[in-house]
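Listed features, source TrEMBL:
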REGION    1-21  region 'Disordered'
TRANSMEM  64-86  transmembrane segment
TRANSMEM  112-136  transmembrane segment
TRANSMEM  143-160  transmembrane segment
TRANSMEM  180-199  transmembrane segment
TRANSMEM  229-249  transmembrane segment
TRANSMEM  311-332  transmembrane segment
TRANSMEM  353-374  transmembrane segment
TRANSMEM  380-399  transmembrane segment
TRANSMEM  411-440  transmembrane segment
Amino acid sequence: MEPQNPQTSENLDSNPTSPSPANLVHKVKSNLVFQSKWAELNGAMGDLGTYIPIVLALTLAKDLNLGTTLIFTGVYNMVTGVIYGVPMPVQPMKSIAAVAISDGPDFNIPEIMAAGICTGAILLVLGATGLMQLVYKLIPLSVVRGIQLSQGLAFAMTAVKYIRKVQDFSKSKSKENRHWVGLDGLILAIVCACFIIVINGAGEERNERETGNVDDEERNMRIKRIKKTMANIPSAFIVFLLGVVLAFIRKPAVVKDIKFGPSSMEVVQFTSHAWKQGFIKGTIPQLPLSILNSVIAVCKLSSDLFPGKEFSATSVSITVGLMNLVGCWFGAMPCCHGAGGLAGQYKFGGRSGGCVAILGAAKMALCLVLGTSLVRILDWFPVGILGVLLLFAGIELAMTCRDMNSKGECFVMLICTAVSLVGSSAALGFVCGMVVHVLLKLRNYSSRDQSGCTVSINGTP
């Protein structure tokens, strides 16, 4: 073998695996680059249908520090955009939020933050030890698709509830039917939904086939130009801005409630009771959902939507763990990644880390300028419009399951979905899906074994 010459600094900079500062800067720039400015801005709105209702509910019901939450989630958005280079979402931990809203005065801010810290610590350990990657490899695709389908349908059904019913987020309850007309009426929501469908359609097909006919090629070129023009219209961003304008029109006096300047930040004081209740009531129900939807499903969905940018379950689990081990001590809402948020941001045009970096910068700017007074504006934001944004995010997530080809895979997926939806538990659906998957494997193995034995016996002279 010929001796290798030592690399020059120029070669090191050109080597993509080199840890030199130049390569790190290049990677950051490539992860944050905008494929389309308007599309990335539009994609940043794709997760707000989930984010705003939960944050608003916790702020109204449990006095969550909205300013602190915006600061930390804004930082999370920017960091994950730099690390992953895709619109990796930062969402509230839904099970913890549901317990906090429904459990009354026994589950307040210290218990919420304790639940987030405990969940984050467990996910960090699972990621650092490599156990999460092992789990990711062992879980069959049909079960993952079942979790994604159930989560997508759950988002869609919640969205329809937001559109049809008046909501009381402080009590997490639906009230009377929404009126047809008005600044938060059914007609407004239907018009917004139709606008998004006209602009975005059903989404991109990743495997479009081209024909060789000249006339077909010319027609395809015209269609592509029309689609490109339509894609430059930020439909979700326009709808969201409409909601902000309508919030001020619905309650003009909200301007008087606005106080400029950031809110104060304090360290949460924990008691032994808070740690105990947070772990039992918050961490235990949240952990299966975080493992399945925030790590496993996100990794699979990212590989589907962004070929060549597959992420390990180890890294995703570690980032979720670190987010909560940092922010929850200061009262920031427990957060995770989520397949629904990723699907929603992709649906509306998010393709790079710059998409969520924009969102993170906007959160931090709003916090520094408006602080906790921002909740007064969100309180009058039309809920029907939030429902429309959440509806398309849920449908996009559910449609990722269309790649199940065999009847056996669909069977496992649908059982997992049905149990998850009816039982309101992704963990229960996961267990049932795994059991059915194993039973089908054993049945097929037994059938093949019996078939082989029959051939051998028949072939005996």
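Cβ from N, Cα, C; glycine included.
Scored on C-beta pairs under 8 angstroms, the neighbour of the transmembrane segment (229-249) with the top count among 64-86, 180-199, 311-332, 353-374 is 180-199. For the transmembrane segment (64-86), the residues of the chain that approach it from at least six positions outside its boundaries are 28, 30-32, 55, 58, 109, 112, 262-266, 302, 305-306, 309, 311, 315, 319, 323, 326-327, 330-333, 335, 337, 342, 350-357, 359-364, 366-367, 371-372, 374-375, judged by C-beta separation under 8 angstroms. When each of the listed stretches 112-136, 311-332, 353-374, 411-440 is scored by C-beta pairs under 8 angstroms to the transmembrane segment (143-160), 411-440 comes out highest. Sequence-distant contacts of the transmembrane segment (311-332), counting only residues of its own chain at least 6 positions beyond either end whose CB sits under 8 Å from a CB of the stretch, comprise 64-65, 68-69, 71-73, 76, 79-80, 83-84, 90, 109, 113-114, 116-117, 119-128, 130, 132-133, 135-136, 265-268, 290-291, 294-296, 298-299, 302-303. Here the transmembrane segment (353-374) has Cβ contacts under 8 Å with residues 31-34, 40-41, 43-44, 47, 59, 65-67, 70-71, 73-78, 80-90, 257-263, 345 of the same chain, all six or more residues outside its ends.
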